[in-house]
Amino acid sequence: MKLERAFFAATAIVSVAATAAMAQSDATTLTIATVNNGDMITMQGLMDDFNEKHPDINVEWVTLEENVLRQNVTTDISTGGGQYDILTIGTYEVPIWGANGWLVPLDDLPAEYEVDDIIPAIRDGLSVDDTLYAVPFYGESSFTMYRKDLMEEAGLEMPDAPTWEFIRDAAAKMTDRENDVNGICLRGKAGWGENMALLTAMSNSFGARWFDEDWNAQFDSEAWSNTLNFYLDMMEESGPAGAANNGFNENLTLFQQGKCGIWIDATSAGQFVVNDDSTVAEHVGFAQAPDTGLGKRGNWLWAWSLAIPTSSENVEAAKTFLTWATGPDYGELVANEKGWVAVPPGTRSSLYENENYTGAAPFADMTMASMNTADPNNPTVDPVPYTGVQFVAIPEFQGIGTQVGQQFAAALAGQQSAEDALAAAQELTNEEMEAAGY
Amino acid sequence: MARAITTRKKVMWTALSWGIGLLIFFPILWTFLTSFKTEATAIADPPVWFAFDWTLENYRAVQERSNYPLALTNSIIIAVGSTILGIAIAVPAAWAMAFVPGRRTKDVLLWMLSTKMLPAVGVLYPLVLLAKWLGVMDSRILLIVVLMLINLPIIVWMLYTYFREIPGEILEAARMDGASLRNEIIYVLTPMAIPGIASTILLNIILAWNEAFWTILLTTVDAAPLTKFIASFSAPEGLFYAKLSAASMMAIAPILVMGWFSQKQLVRGLTFGAVK
């Protein structure tokens with residue numbers, strides 16, 4: 001008898017679960033898919049202000065790790081799932097998705113939004129044929145962070161715009177492996193957004209490019225050979241042990257603990273190397289990303305941005321949210337709660353004219369200078385058929401970029417030579433591109 | 001002399017078992033310790049073991065930023081619901097295969113298992129489109145059905161193996177006493193296979209609890225279980241190791257406790273029929 005009851009109970013539980021999941025409310029509810037970073041968490045903490053101004057709009061957050069988010073959102077958008085009203089996506093996705101007709105054009109934002117205040121390079125990166133498809137929440141380029149005290153000990157002074165040769169030389173002089181000080185820390189972990197972000201941006205300054213104008217891979221060029229050999233040699237001379245496993249987080253930790261002389265990475269790291277977690281906060285200096293005199297610097301351009309998928313049924317409410325979260329007043333709202341240094345950087349020119357901000361953020365000027373020198377439409381010395389500074393804005397790039405990244409990481413780990421890594425990269429890129437119909 | 005060797009061997013085996021046990025348990029221990037550290041101590045090099053200021057700050061922050069009770073409820077309903085539904089379907093199926101096998105029973109069993117070899121992403125789009133058409137995206141019932149279907153081959157296989165150990169004559173005797181098919185399965189077969197069914201249930205709850213592909217892709221807010229809860233604390237840019245550890249501990253604690261309490265049944269069930 002007991003068992004019979006158990007079977008009935010089971011069926012009951014399943015059907016209760018079915019109905020319990022269906023409850024819904026009447027007010028407009030926006031579901032926002034977002035990434036887990038400091039600026040997004042800050043925004044979630046400021047929702048009282050939005051709720052006060054717009055009591056008729058509820059906001060629900062779905063926070064996910066970057067790659068999981070990408071997978072989730074791509075599935076939703078390509079099936080017209082309509083699960084999300086606002087998506088947090090980067091400068092890589094916007095040109096592709098905008099061209100696919102997956103995003104709502106944002107060409108009718110109100111005048112008080114001051115769309116012209118958005119940093120031009122970022123606005124270009126988020127537009128397709130001059131139509132804006134996403135608005136930036138925070139933007140970043142990359143720059144050189146260095147230890148002023150170690151530079152002084154080495155008898156050197158960092159110029160505002162250094163060359164790669166200078167960086168290599170300075171790194172070698174600062175290296176003191178007995179005391180666990182590495183002259184330079186750079187990304188080595190394989191991934192299109194990890195080591196390939198750095199290496200692609202770096203290759204631009206060496207005059208290399210991913211593809212020629214007919215979409216032929218260019219890893220057999222002298223410029224790519226110079227890039228990779230320079231990177232590997234410099235890391236061998238002055239890099240930390242096990243660098244092939246280091247991404248943003250690992251290098252941030254090393255730098256904060258005083259184990260790096262120079263770290264070239266995202267401008268958004270600026271606030272972390274001078275905060276309380278950093279043991280070297282008072283010694284940190286900032287300079288632009290290095291170059292080789294060819295007219296391009298090795299700095300990238302990225303912006304986490306908010307966009308509305310065409311499958312959303314709440315487009316107007318979503319636009320209201322976008323204009324609040326990325327509008328001209330948002331910075332001040334953050335500053336009142338958490339101080340000026342915590343204002344999301346890299347989106348509006350006016351922020352860099354604000355003395356409160358430039359006074360609180362020692363990295364502000366260098367961030368702005370770096371953002372202004374990155375050009376997603378002309379990323380490198382020679383012409384290219386793609387947009388994107390540290391990536392190629394085609395759907396195939398995520399896969400190819402990560403595979404090439406694995407080859408380069410293997411070279412950094414000493415498992416193969418630079419030449420072998422480049423040959424493998426050349427072959428796999430051409431194969432994938434051919435399969436994709438280019 | 002012989003006795004000495006035996007003792008030494010015993011000590012060696014015990015030490016080895018403990019070593020392997022600790023090695024397997026280490027990641028959980030480390031996550032546990034990290035969850036009580038500040039973000040700065042969490043990344044300290046050399047690592048800090050126990051001598052740090054223990055703080056509950058991470059648990060508070062995690063609690064504040066997300067809806068843990070909802071995620072936990074969803075996980076429980078989805079894991080238990082899919083397992084119960086699976087068992088309800090698998091018991092009759094395994095009975096048929098074990099006691100009235102046909103010519104193609106073996107093939108059917110193997111074919112069922114082959115569906116487990118299909119990469120999940122291969123059916124992602126059809127399933128999402130179907131769920132959208134039925135209007136059940138982000139609902140618990142969708143996940144209950146999907147996880148049940150995914151684990152069904154394993155449930156049927158496990159039950160089939162247990163049922164085969166039960167002599168068919170007992171069921172025949174019940175039939176001669178006039179038991180209907182339903183009564184035969186519910187009152188005769190099931191009680192005898194309780195250890196096997198219990199371990200199948202436990203294993204499937206664990207599998208459903210940990211399933212992270214479908215549970216993340218098919219949910220947004222309402223039906224999001226603990227897997228999605230953990231995923232929201234992982235970040236490639238920015239250091240949140242301590243908070244991620246706290247979120248992980250909150251997500252694995254219930255299943256860990258369940259595992260400890262049901263160890264005996266799990267081991268008995270998994271080794272059922274291993275010694276003849």
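Each Cβ is built from the backbone N, Cα and C atoms, and glycine gets one as well.
Heads up, TrEMBL stuff is auto-annotated, nobody curated it.
Features of the protein shown, as given by TrEMBL:
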DOMAIN    B:72-262  domain 'ABC transmembrane type-1'
TRANSMEM  B:12-33  transmembrane segment
TRANSMEM  B:76-96  transmembrane segment
TRANSMEM  B:108-129  transmembrane segment
TRANSMEM  B:141-163  transmembrane segment
TRANSMEM  B:184-209  transmembrane segment
TRANSMEM  B:240-261  transmembrane segment
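Contacts between the transmembrane segment (B:184-209) and the transmembrane segment (B:12-33): absent, as fewer than 3 C-beta pairs lie under 8 angstroms at sequence separation of six or more.
Scored on C-beta pairs under 8 angstroms, the neighbour of the transmembrane segment (B:240-261) with the top count among B:12-33, B:76-96, B:108-129, B:141-163 is B:12-33. When each of B:12-33, B:76-96, B:108-129 is scored by its Cβ pairs under 8 Å to the transmembrane segment (B:141-163), the top-ranked stretch turns out to be B:76-96. Cβ atoms under 8 Å from those of the transmembrane segment (B:12-33) belong to residues 49-50, 245, 248-249, 252, 256 of the same chain, restricted to positions at least 6 beyond its ends.
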